[in-house]
Structures are given as C-alpha cells and as structure tokens.
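A.B. asks: Have a look at this one before I ask anything.
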Amino acid sequence: MASLCSNSSTTSLKTPFTSLGSTPKPCQLFLHGKRNKAFKVSCKVTNTNGNQDETNSVDRRNVLLGLGGLYGVANAIPLAASAAPTPPPDLSSCSIARIDENQVVSYSCCAPKPDDMEKVPYYKFPSMTKLRVRQPAHEADEEYIAKYNVSVTKMRDLDKTQPLNPIGFKQQANIHCAYCNGAYRIGGKELQVHNSWLFFPFHRWYLYFYESNAGKLIDDPTFALPYWNWDHPKGMRFPAMYDREGTFLFDETRDQSHRNGTVIDLGFFGNEVETTQLQMMSNNLTLMYRQMVTNAPCPRMFFGDLMISGITLNSPGTIENIPHGPVHIWSGTVRGSTLPNGAISKRGEYGHFYSAGLDPVFFCHHSNVDRMWSEWKATGGKRTDITHKDWLNSEFFFYDENENPYRVKVRDCLDTKKMGYDYKPMRTPWRNFKPLTKASAGKVNTSSIPPVSQAFPLAKLDKAVSFSINRPTSSRTPQEKNAQEEMLTFNSIRYDNRGYIRFDVFLNVDNNVNANELDKAEFAGSYTSLPHVHRAGETNHIATVDFQLAITELLEDIGLEDEDTIAVTLVPKRGGEGISIENATISLADC
C-alpha cells in the first residue's frame, strides 16, 4: 500500500552531546493537525552545581492511591474550572530531585538542555506504512527477547561512551526522575505528572519515544515494546523475559521472593496475603473490574482530576491507583532487606519514582498501563477522552530517536494508531468478572449497627468499623442513574503521610467480613497512600484528604437499590492506628 503522507521536516538544534547521526524517519499513515504555540513561563534558575535556593520551597505532591475513587481538594473544583494548560518544563530551571526530606538524588536527572528552548519545535509524527504492534511479554519468543536485549545493551553502552546522549538508558530513566521527583518547576511549583489527569498522557508520550529509541538502535522501525499482561491470568507473574540473570533486562534490586512464578497481587501494599493462587487471581480480576468498570464510569474517575495552577492536587484516577502503584511496590524490594550483591535495599529501583525507569520492566509495566487507556474507552458508556482544552493543550518535552528535542501536546496522543502503534488483542476476562457472589445472604440488619452520626468522627481506624448510613434517594430510574452517580464519600481522612496507609471498604457486611476475599459483590474499593516525599525543614506531615467511591452498580448487584439505609464496613490493612476520619456521606454527583 502506498504511503498517504510525505516525510515531515525536522528542525535540528545543537545539544551538548555527541550525535549518533540521524536517519530518515519511517513513513506513517496518520498525521495530526497543526499545534499551537507553547505556553511560556518564567521559572527559577538553578546554578550549575545543582544547588538551589530553598526560600521558595513548596510541598511535594503526596503519592496517594485510592482504589476506585478520587479525593483531595479537586473534588470541590468543577472540571470546567479554568486551569491553564500545563506548559513544558523550562530546562534552565531544572534542579536537584529529592528522594525524601533527608535525601536528594545523588546525580542530576535533568535532560540535556538545547541551546534555545524557544526554538524547540512541536513534534510531527513520521510517516509509516506499518503499525508497530506491542505483544504480551509472556508470549515473547527467543528472537524477540534477543533483539530487545541488544537494544537495551546499546542504550547502556551510551551511558558509558556518551553519558549526555538523551537516548542512553540512564538519560531515558532520568526523564521519569525529573518529572516525578521535583526537579522541574512551573510557576514556582514542582511539576508532578502523577496524581492528576497528566498521568496517562505523560507516560504514553514517554513510552512512545523510548520505543522509537529502542528501534533506532537495532535499525528496526517496526520494533514494539512488550506489555506485562497482568490483567490476564496468564500474565499475572513477573515476565520471564526480564528475569534472566546475566542479561540487561534483569535487575537484581527487585523483590527476590516474587520471582519463580509467584502470582502477583494487584492490590499489594507491602503485606503478603495468605491465600491460594486461584483466590489471588480471582482477587486480581475483581480489582480490574472495579477499576475499569464499576469505579471508572466517566473520564473524571478514570483519568484523575484536573491540575490547577497554584493548587496541589492529590486526585489520581482508578488505574494509576491500583494496579499501577501496587505493581511498582510488588516488584521493588523491601526497604532494609539485603540484595543479592550485599547492598541494603532502599525499596529497590522499581519501588521509587526517581529510579523506577532504571529497571527495564518499567516500560513493560507501563505499556500495559497505557493499554488500559484504550481498553477503558472500548468498554463504552461515558468512557471517553477528556475534552477540557487545558488538558488537551498541556505539553511535555522529549528527545526523539535522532536526538532532536521536541515539544508535544496531550491532544496528539489520544489515538495510538495515529501515533503508529497498537496492541495485540488479548482476552480481557475482567470485563465479565463482575463479582456477584454475596458474602451476606440478605440485607444486613442496619438497626443493629451504629448510625454514621455515632461512628464518626472516628479517632483511629485500628480495627474493622461498621456503620449505617442514609442514602439521598432510593429506587432511581435508569435515566437518573445515567445522569448522576451515587457517591460514598469519606470526608477529612487524616494521617501521618510519611507511612503506608490502606483500608478497604465493603457494603452490606459487618465487621466479621473476610477482607482477603475481594471477589464478592460487597467489596467496594480501597484507600491507599504511599509515603509522602518532603523537602528538608518541612514540619507538616499530616495529610487531610477526601475519598470517593462510585456505588451505583454495587447497590444494584447487592440488591439494595430500594433501601433507604445501608451498612458500610471499613477494614484497616496498613497503618490504621494512625488514621482518623471526620465523617461519611452519600450524595448524587455529575460524573
């Protein structure tokens, strides 16, 4: 088939590294429209030795997870609010990245800086006659594994011979460090691409350029990344192709106990669940159904809330929360454990944002995260991309496979086929895994359970707590349900954000519920939080957030649509003794 487009021209800018030379970009069938001029900001300049003025220090975003819901100040802000598009980072303001309040990253995560950022052009997709097709890692053959290992080997060689080359492996990993650990600032605030609507588009663009780089180094423009198919039982183990010692796809800082065919826990938060492999897989499929269907009926719930200039939000979408976060934790090592090389673990490369990209499995994991975006839209209903102009016009900065710097917009990454790649179709058993088995034979006697007014405020969640709560209305029509989602909200959850937090939520059960069996209709979701990254001198370690769960579908499945009062049970899983909750409410909300 003849190409339907011509090769696009590129603008080469001088950069501080030795060029590998450039090759023509392959032809692609799909092109986007013209792009707008970048939003210009003025940021703080850091001196060349990496030190920075701390007088304008601001809070890091809390790395919060919440299975099935959104929380934080964003819930009080309508999606139509004016937010201004997020501009690409000003590389001249790039500074040291932080691990926590007492540790800084020992090396610079900043990307090589072009001579003139104002002249960095917008990226145009190269023409292509054949889509790159990403395949599940557990189906990878020896030829593919060998090819990918050669590519990563060449990337790592560049780390030694041309350490500032942007397509070297370390420089590629540093992209995640800079965007996620406080190296970049915009308008005086740290840029963070997690916990908001930037999560999916940033990582899609990130993988796009990494994939192009990998293909360039092995002279294969059709090379496509594998994806860790953790949403399917056959992919619910650590990918074997990354677990071969002596290859560059292996990383010894991973959790050694999760090798050799161990079934992954997609809700893992540091504590091993004592159960069978079959039950774990069932739990995983339930989590996937809850995250992709029940708790993500509309864009706001799936993508996370908008990022507003000057306001720190902690409102990630469903998939970013779980399984994205737990897969990182499950793969990384436990802090303080001894690694095979005798070193003491700091949670492993994959367990930290700043170092996650140093483990090649990062790109395999995020390839499946990216796939979930496409699968979610294919589920139907209101599951469509965000149309807010400030999201569509937000920008990032990357280097392409020819070492040329570019600006990219969110609006240009909404269709993977237009970007030149697609995913090999795989069965998605979670679509039909709606948990219908009930833990309770009928409706729990709510008169025997304390009402919400007596249960709250809750001083500490150190044990399972049940309460009854009134609904705003009952027996809603299908039209009413389609117009508004019924939301269970926990207001003003407070805890020390330097530790791990998790609690699960169930409907229509009492505090004797088996919280290790998630494949029950009554399981609504989980609230989780990772340790917060603080800057030196910060004294406020208390987080205060709201947490929402969509419960319309659950009420139907449990048979509580016509009930005016329902029972809710909270089960602490991690750090419950330090959790307090002001109140709980049920309301109807536009989704």
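Every residue, even glycine, has its Cβ placed from backbone N, Cα and C.
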A.B. asks: Name the residue from C109, C110, C180 that Swiss-Prot records as disulfide-bonded to C177.
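C.D. replies: Disulfide pairing in Swiss-Prot: C177 with C109.
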A.B. asks: Just confirming the record: what cysteine out of C43, C94 does Swiss-Prot connect to C110 via a disulfide?
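C.D. replies: Between C110 and one of C43, C94, Swiss-Prot records a disulfide, namely with C94.
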A.B. asks: Which ones, of the recorded positions C109, H176, C177, H194, H203, have a Cα no more than 10 Å from the Cα of H366 (Cu cation B binding site)?
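C.D. replies: So far as Cα distances go, the recorded positions lying within 10 Å of H366 (Cu cation B binding site) are H203.
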A.B. asks: DSSP three-state call for C110 (disulfide bond): helix, strand or coil?
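C.D. replies: Coil, per DSSP.
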A.B. asks: Are there any residues at least 6 positions away along the chain from H203 (Cu cation A binding site) with a Cβ closer than 8 Å to its Cβ? List them or say none.
C.D. replies: V193, H366, V369, D370
A.B. asks: Write out, in the order they occur in the sequence, the residues of the chain not among H176, H194, H203 that have a C-beta within 8 Å of the mean position of the C-beta atoms of the recorded Cu cation A site.
C.D. replies: Y179, C180, V193, F199, F202, Y206, F353, A356, H366
A.B. asks: Cα-Cα, whole number of Å: H324 (Cu cation B binding site) versus H194 (Cu cation A binding site)?
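C.D. replies: H324 (Cu cation B binding site) and H194 (Cu cation A binding site) have their Cα atoms 11 Å apart.
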